[in-house]
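Please read the structure below before turning to the comments.
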Amino acid sequence: MNELMKIFGQVSGTQAFDQIKISIASPEKIRSWSFGEIKKPETINYRTFKPERDGLFCARIFGPIKDYECLCGKYKRMKYRGIICEKCGVEVTLSKVRRERMGHIELAAPVAHIWFMKSLPSRVGLLIDMTLKDLERVLYFENYVVVEPGLTPLKLHEMLSEEQYQRAVEEYGEDSFTAGIGAEAIRDMLMSIDLETLKTDMKVELRDTTSEAKRKKLVKRLKIVDAFIESGCRPEWMILEVIPVIPPELRPLVPLDGGRFATSDLNDLYRRVINRNNRLKRLIELRAPDIIIRNEKRMLQESVDALFDNGRRGRAITGANKRPLKSLSDMLKGKQGRFRQNLLGKRVDYSGRSVIVVGPELKLHQCGLPKKMALELFKPFVYSKLEQYHYATTIKAAKRMVEKERPEVWDILEEVIREHPVMLNRAPTLHRLGIQAFEPVLIEGKAIQLHPLVCTAFNADFDGDQMAVHVPLSLEAQLEARVLMMSTNNILSPANGKPIIVPTQDIVLGLYYLTLDREGEKGEGMAFASLNEIEHALQARVVSLQARVKARLHTIDENGAPVIRTVETTPGRMLLSRLLPRHTALPFSVINRLLRKKDITDVIDTVYRHCGQKETVIFCDRVMQLGYAHAARAGISFGKDDLVIPPTKAQLVADTDAEVKEFEQQYQDGLITQGEKYNKVVDAWSHCTERVADEMMKEIAKIEPGKPVNSVYMMAHSGARGSAAQMKQLAGMRGLMAKPSGEIIETPIVSNFKEGLTVLEYFNSTHGARKGLADTALKTANSGYLTRRLVDVAQDAIIVIEDCGTSRGITAMPVVEGGQIIASLGERVLGRTAAEDIKDTDGTIIVPLGKMIEEHDVELLEEAGIEQVRIRSVLTCEAETGICGKCYGRDLARGTKVNIGEAVGVIAAQSIGEPGTQLTMRTFHIGGAAQRGAEQSSVEAAFDGKIVMENRAVVGTSENVLIVMSRNCEVKITDEAGREKARYRIPYGSKLLTDEGRMVTKGDRLAEWDPYTVPIITEREGIAIYNDLVEGVSVREVTDEATGISSKVVVEWKNMPKGTDLKPRITLRDDRGEGITLANGLEARYFMSVDTILSVENGQRVKAGDVLGRIPREGSKTRDITGGLPRVAELFEARKPKDHAIISEIDGRVEFGKDYKSKRRLLVVPEDGDPVEYLLPKGKHLTIQEGDYVRKGDPLMDGNPVPHDILRVMGVEALANYLIKEIQDVYRLQGVKINDKHIEVISRQMLQKVEITEPGDTTFLVGELIDRTDFQIENEKTLKENGRPANSIPVLQGITKASLQTHSFISAASFQETTRVLTEAAVSGKSDSLMGLKENVIVGRLIPAGTGAMMNRLRALAATRDKEIEDSRGAEMVPVLGAAESFTPRLPEPPAE
């Protein structure tokens, strides 16, 4: 009885510990785990099938094979429990002890552990200061090593070959020095290490050393010595004397039919080790010659290596079928390893899968579950109910009833299923909406029915997709499924806070058709008194759905009082108005318009924000019913004739053809270069394609009274299916195609699919199609991998506290590009916390500090015309672990303040990773087929207003045209109140058509420029003189073969024999031949970069604003622009972009220094202080001229900057803004909306570490990477002891690196490089306190997020209670049942809202 009580008293296995520690096992430890030594390589006796004694499956060591039965059968049954049989030596107990009891092998010679030997950096090598190569030569018996030189001239750790060793013995005598070979020598060396003295010596050396390489090495060694001291491991434990043998049930031997056996590879590997070990023992007993013993020892070392990590050194040992054997390391590694296969992802019971079909008559919270499936899934519940209602007396009887499918079983199934939610999942589960809970409705048939509105979230369609069903069993699980995962509770997308339950396809089309209004329809001008009248009229066919009529509408006014208004509308819209909830924020005007997909989404959003969740769900369901009904009634379909080919198409194509011929002629005459011709041709055709498409849309969109609206147009315009781009290919012209390399083929496809393509056109178009398919396959895998890395880096970002109390934040501004505001300020600050009082121009506070900015606040901000707002950000949050609620702001999926315990890191990772599959894989050349229309060559005002110039540097030409001379000139348009409406970047060399203070109206041209060349322009009048422009060295006359026209082009001069010191430039002289100086006091000289085409002759007179040379754009721009997924990955991995830009670290003027062989020297000279020197590759196009003033962080040349540089020069906020901008650009191009805070969360995880620059009195070392929180804690500790604190700089790490450096070694090991992570953790004796999500999943606990966070808090509460009770009873010490006693701790009172 006592034993039974013990079973109840046990705390469940996973809850019984707080942390997991890993360290190196000492030989004593290994022996203490073991239940006996394994001496024989035999496994089981092939006749009796019983395990051999002392073999790998020995029952005496590992326990009985059958429950409570010894091997010889003398003792059977429970009553002999615990007795050890004297005949066969087997303990009578449960057979499952064979899963937990270990054995060991005593090795006849020590053997090095391959993980500590080979995994880089080699731990053994660092400790005894030998290279890996030397170590291996000693280990595998090639060389001797001097362990103790004595008084001989030999050096410590010197390598001696066999002959050298023999010679040394003869010369100095055998006892004068010690040299060893094999693992014994290394073990002796490790044993002689005194860690403490080594540490002090190294610290002294580190202080005195001057060489950088030496310092790095010392720091590495110091770290390892420190690790050993802290973990309490001894270095010689890295050399094994005993090997543990894992329990036999974990490496089973299963009999197959036909007398053969299937076995785990580990048994082979163990047998090898045992055989060699036994042979070695015998050889030593026999006193065999040294060389034989040595060979045997080497073989033993190799077999142990193979057991631990097969294939790490030398060739992998293969089994009978030439396949490498799976070693212990392989069991853990990779997708099929223990971590990812069995611990992070398990297969679950009570689940099924089937094809899905559409279920339009379901409610949003329902799904149709096939009866057969439901019966199987809910079997235990059905059995219990059958017994409860006395239909069956035993489970067996109940089982028989269910198998026969008796009628009462179905009734009971109905009852069991009522209000018991099930979870549906569609693979791939890319974000959390890929699993949602529904209430099952029993249906006939074998397919699961899915509600159409949740298809967007699941990314499901009904072309054969399958979904899996899971049943939450426990009450808690059902509760969570209902409250958190029910489809009705997931109306908003966690990525951007917009509704994700949106009508698509047919529903959109139906609503569009319903809300069309057309002239000349039947019943136009009628007036109706009520909705019922309208319905009668529609049924009697007196009036059409789309006629313009007047109707009386019952609605509410601004204050919510019921009123009756007369409205001009259509019968269709009136039908829709019946569904709209009554609310002041939802006037009739929201639906009294043509509803396209986006409009419907907006309506749903408004309903959700103002009327709450329940109303929204009902509204969506009814809208869906209405949409389907009318899509069916409308009978919209299309035929070939609906695709109207524009009559002007032939003319447009002919015109463009003529234009292209003219370009061809200009090229023949030598007026333009090959590259310019290509650009112009491509542009002309792009333009033509667009014109044809526009004409086609005009034709198709024509609405004539009495004729039905064009069906294709309706589908595309409503957003149901198809797009203008697809229609363009069907009825316009296909346009230009790209080659596989990404270049555009000059000849376009003039035909469309309706006319049909010619053979040549068809051939040209296959390129793109094939590339598309190849891309898609690659993309999916890459995107999945990106998501995995993101989840891994962010998994421990959890909301832990309400407010961290920081005053820091970041500045939010609207995103402006090409003059258009892409993301308004409101969009960026909505749902964030204000980091300071936001004031109007007159000083009234709009939003106080610490308040969350809601929708109505955003309206106030926009009215006040505020340009920038300081908001709290995850990046500046000062919570010690995790993130605080205030810095995060609104939970996007709920629209309310974020809850404590929300796993925001994983949500961020999913939100960024999920659209990954939509991003392109292509790396564009400037001008990938779809990527560019005509090059932009001018800017036009988008608003009326007044011009304000920034960085205005212009020069007036003789014709009084203003030419922009500044590299970063911007034109702003402001309204009367001086608020910025738009801003445009004006490139260098543009003609400025307006000026400071002028008024412009919308559509005015502000500036124009040549899009294909970058000009080099003079600022003064004078005579142009060539300098270092040497014919045949730095300048070549290039004659175009096709045209015979020649032009002077600057060529790559630094490879020429005479050209190394040249600096090709044009200088200006006045009439007296003296150099002209510019306004900034420097002489007027203009450097010519490679490929510049000279526009002036030597000695020619030039006026201000004249062009001296043109740099063709393709010359400076053939760099690929990395787009799409690769760009996102490059940013998150913090890689240096190829052809990266160098940025200035200080403000100052630019000067050119003396050049080196292949680099140009550029100096930035500040007002005061030392100039900073940069080396730029020669011939790269610089974005600046000599004498320009650059600001800190400005790029000095073309290209993307390196994120690390931005962090170093400009700080964390600038880096965050850069990352957000760049990543958002990629997603915006695909039309994907992601909230900034997700990118901020990932950026925070990338910025967790700091690099020590000055250790002060702390224990840190220079250059060490330390976690930010650890750094602060250590500094506070040092300050308390009146020491000097350490200094550090923030470090940016890529997501892979950051994941591998997390606090938790379990999480890192399950991500990548498992052996390396575990080796490192073992050496430093790390303990994992199970703070993140992954570690807890692996040990089988609730994750510390959401409801799990609450459980953790309760557990901590209970533990402190127990401790208090125990302390108070300390005197009499009554035994207290701890966590086993099931009591509900009182929850702390909820704070008053």
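Quick reminder: no glycine exception, Cβ is built from N, Cα and C everywhere.
Computed from a predicted structure; not experimentally measured.
What Swiss-Prot lists as Zn(2+) 1 binding site is Cys70, Cys72, Cys85, Cys88, and the listing cites sequence analysis. The DSSP secondary structure for Cys85 (Zn(2+) 1 binding site) is coil.
Reduced to three states, the DSSP call for Asp463 (Mg(2+) binding site) is coil. Of all the Cβ atoms in the protein chains shown, 5 others lie within 10 Å of the Cβ of Asp463 (Mg(2+) binding site). The Mg(2+) binding site annotation in Swiss-Prot covers Asp461, Asp463, Asp465.
In three-state terms derived from DSSP, Cys884 (Zn(2+) 2 binding site) belongs to an extended strand segment. Annotation source Swiss-Prot lists Zn(2+) 2 binding site at Cys804, Cys877, Cys884, Cys887, citing sequence analysis.
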Which of Asp461, Asp465, all binding-site residues, has a Cβ with the fewest other Cβ atoms inside 10 Å: Asp461
Cys877 (Zn(2+) 2 binding site) and Cys88 (Zn(2+) 1 binding site), distance between Cα atoms, whole Å: 66
Binding-site residues: Cys72, Cys85, Cys877, Cys884 - member with fewest neighbouring CB atoms within 10 Å: Cys72
Cys85 (Zn(2+) 1 binding site) to Asp465 (Mg(2+) binding site) - Cα separation in whole Å: 60
Densest Cβ neighbourhood among Cys70, Cys804, Cys887 (binding-site residues), 10 Å radius: Cys887
DSSP three-state assignment (helix, strand or coil) for Cys72 (Zn(2+) 1 binding site): coil
Rounded distance in angstrom between the Cα atoms of Cys884 (Zn(2+) 2 binding site) and Cys70 (Zn(2+) 1 binding site): 60
Using Cα positions only, nearest of the binding-site residues to Cys72 (Zn(2+) 1 binding site) (Asp463, Cys804, Cys877, Cys887): Asp463
Spatial neighbour of Asp465 (Mg(2+) binding site) that is closest, considering only the binding-site residues Cys70, Cys804, Cys877, Cys887 and their CA atoms: Cys887
Minimum Cα separation from Asp461 (Mg(2+) binding site), reported as the residue among binding-site residues Cys70, Cys804, Cys877, Cys887 that achieves it: Cys887
Separation of alpha carbons, Cys70 (Zn(2+) 1 binding site) and Asp463 (Mg(2+) binding site) (Å): 59
